[in-house]
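Participant: Below you'll find the structure I mean.
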Amino acid sequence: MGPKASSGFYLSRTSAALLALLLAALLLALIVLGALYARTTRAELIDTDIDTLNLTTPTLTCTLPPQATGRPGIWDNPRLPPDLVPMHYDLELWPRTEQDAEGNYLLSGQVNITISCVHGTDVVLLHSSELNISRAQLAPLAVELHYKSKQTDSKQSQVGLKLTNGASFYEEEVSSHLQDTSASSSDKNISITNLWYSEPHQYLVLELERPLVAGNLYVLELDYQGFLSSDYSGLFIASYKDFNVEKVLVASELEPTSARTVYPCFDEPALKATFKTRIVHNSSYVALSNMPAIATSEREDVDGNKWTVTTFNTTLKMSTYITAFVVCDFDYVRTTERGNEIRVWARKEVIKNGFANFALDIAGPIFSYLEDLLNWFGNLVTMKWWNDIWLNEGFASYYEYIGASFIEPKLTMNELFMMNNLISIFESDTQATARPVSVKEEAINNVNLIEPLFDEFTYSKAAALIRMASTFLTETLFLKGISSYLKKFSFSNADQDGLWNHLQMFIDDQDEVKLPMPLKNIMDSWTWNKGIPLVTLNTSTGTLSQGVLKLANNENVTSDSNHTWIIPIFWVKNGAEQPLIWLDTQSSNRAQMMDDAFILANAGYMEYETTLNLTRYLEKEMEILVWYRVLKHLNNDKKSMLTYHSFPLMKKYILKRINPIFQHYATIIRRNFEETADDIFVHTGINDIFKTACFLGLKDCLALASELYTKWMANTSTNDIPQSIRGSVYCYGIAEGGEKEWEFAWSYHNKSDSEGHWEQSYLKQGLSCTKEPWLLYRYLKESMNTDSHNLLDVFSHMFKNDIGRHVAWDFLKENWHQLNDINMKDSSHFYELLLPDLGSKATSELQFQELELFTTTTMDEGSRDKGLKWLQAKKKARLEWIHILNTRIIDWLQRNTPDSDF
């Protein structure tokens, strides 16, 4: 069948807006906290320096990680008890960027946590994972209460705390639990009688000699050691090249539950506190965190080595997963927006070449735009518990498109949103794996259930629901409600009912928008239901009815959803838009219609023959958005029509229809592809046109790929291959060539990564496309010496190539034990990540049996059961699909594919 390449990416100013916006979204987190820094100078919050308290408490030393006792207790609950509330963390991190004798990167840390006791308890429970506690001590903190008039919504005075070292807190939640008399804690220290881990929920348990007293403050001091990770979670270390020199950086990714692997903490989103952070690092590196650095000092270790200690200003209240830490040898560019300094940090080579300037240029305007749009900036609102994570991620996904349209007005948000979010979620929401956007709080009762919530339903479907609400409420009304919601829950936590209530307040205060029932009832029908409503119009009677769009085998229908939606309908009569009614309709464009047809056919509501009949006109279709969706369905991993069984006929059928649009853009590519610089849809979808035409063997496509690749080989000083199709050009340029073409790409791949991540990705794709098995084997062999992430990419690309798939599968089986020894700390997880690529290409009972045997003999028990279950479901669906291909679809193709030149 020939090699296949993954889609490319074009980095012109317009089409780069979304990519740069994603970077800007990351920067905005730092900008938010930078803005908060400015606010702290106006706030009455003074840093708490726990080091100045001169606490002398008996120390409990643990030289080994403490183990669970196995007896029942409050540690058996998946949620922390409400007895203790963290108020402030004084945190020091000391990550090592040099390996120790055993090849590990060490992490040392100290955290002093100021805790308010809400209910008396003789057990301190907090989160810790993969950390060795070497010292623990607990001491009361003497406080005196005082009152300070403060403007609040209720116009009441607020209780404040004053610590004996002069630091002050004004904390409404905590102060409400404190005694209303001046208090001075006893000088007696609290002895820790036992310290151990409760593994099921990753708790550090401290059992005390005597109970803590409700209303008092305490300081828990912990020294600990751990390791930097290599899997881009927690506090991790990664390598990169700058000016062709190998370097390392330390960075953090703590969402959702990895903060506990970096420092012991109360690692739940509702338990917000302030943070003062110090990072110890090599003097040649720079340290970054959530707040600006306010001081640096020097420290000498026991070996006489000197280190730099960077201290950061205290944050305002935030969740543990938001804390961020970086140690790097980066440089930055900066600008100022409304008095706030904005910095974009990147590799020095990137900064020197000006590649960070676009991100800097858009960060400031986005900052101001969101501030003006929402009348909000710097107020951190998070969900109460992970079941409502969509409140964070769904809004972020939605405003990516709002922000992109602001930066580049030529971007049409609706079409862009439909291409990237809306249509794809329709397919996912008809699968057996579909789930509601929001789930019951009590259902997330295990740490392993949190990570799976970060999926397409949290991001794409939630964004689609927010977009729907904004549409039927009107943008003006929607923004008023959102601004009120954000103001109310600043620096605190909310759930979806809080959002609906604030929107409802503004709905009730006007007469223009009329709803048939409270907004909560409408939106709950969407957030609590999984699946998609199927709306049926009876053209004889004009009546509309709804049901659930089900899979043909009803797999996704369970009793936990009522499958009734409250649905808004916008409709058109004789070209004129009519008043809003409540039910549903889909967009009336051709892309949406084609998408609906394939989804309905896959779900068993429409005959495949009917869907294919709709594609007969595609020879006249010159809109890339339509082709983009059609090709996604034709080459769907679950139900691909471009497989061995139907390939000869489908090749003729598709080539006749795709040739006109290919020839149109081939002419532009040869002439000047920059003509399309402002068309994001061209740059998003052209690669699918190009790679499909080449995959199906269109001679003009293969010739163009060879032509562009050969020109680049002849003049490496400039690469005129458009970014949007670069991956496919490399793939088919190498596939149509031989050893010389492959060696050129291999040399360029190894020379430097100065072109960035995308260029390296294109080269990896291209190298896997050669038709020479010995070159593929060499590619795998050479990649054995790289990190597991690169090796995973190499295997994944190779499995998409017919020849490469057989070479890679044989190589994987023959070298499995060596892979374990060299690269994989978790080889079972490595194979688990490869399994979808392997299973998606299996087309026979024998191939699935071979995969099942390898899965059984190589994976650990937990992963094995999951892998086998996935393979069995995949085999059942795939063999059923092949039966449909071999009968109905091939029969239709035979009747609709006359002899042609293709």
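Just so you know, glycine gets a Cβ as well, placed from its N, Cα and C.
Positions annotated as domain 'Aminopeptidase N-like N-terminal' by TrEMBL: 85-154, 181-322. The annotation domain 'Peptidase M1 membrane alanine aminopeptidase' is assigned in TrEMBL to 375-526. Look at TrEMBL and you will find GLU393 tagged as Zn(2+) binding site. Here TrEMBL flags TYR459 as site 'Transition state stabilizer'. Taken from TrEMBL, the feature domain 'ERAP1-like C-terminal' covers 586-864.
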Participant: Which residues, sitting 6 or more apart from GLU393 (Zn(2+) binding site) on the same chain, put a CB under 8 Å from its CB?
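Facilitator: PHE454, THR458, TYR459, ALA462 - these are the non-local Cβ neighbours of GLU393 (Zn(2+) binding site), listed in sequence order.
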Participant: So, in DSSP terms, is TYR459 (site 'Transition state stabilizer') helix, strand, or coil?
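Facilitator: The residue in question, TYR459 (site 'Transition state stabilizer'), is helix (DSSP, three-state).
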Participant: Looking only at DSSP and grouping its letters into three states, which state does the residue listed as 'Zn(2+) binding site' belong to?
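Facilitator: In three-state terms, the residue listed as 'Zn(2+) binding site' counts as helix.
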Participant: For the domain 'Aminopeptidase N-like N-terminal' (181-322), what are the DSSP-based totals of helix, strand and coil residues?
Facilitator: 9 helix, 79 strand, 54 coil
Participant: Just counting, how many other CB atoms are there within 10 A of the CB of TYR459 (site 'Transition state stabilizer')?
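Facilitator: Its Cβ has 20 other Cβ atoms within 10 Å.
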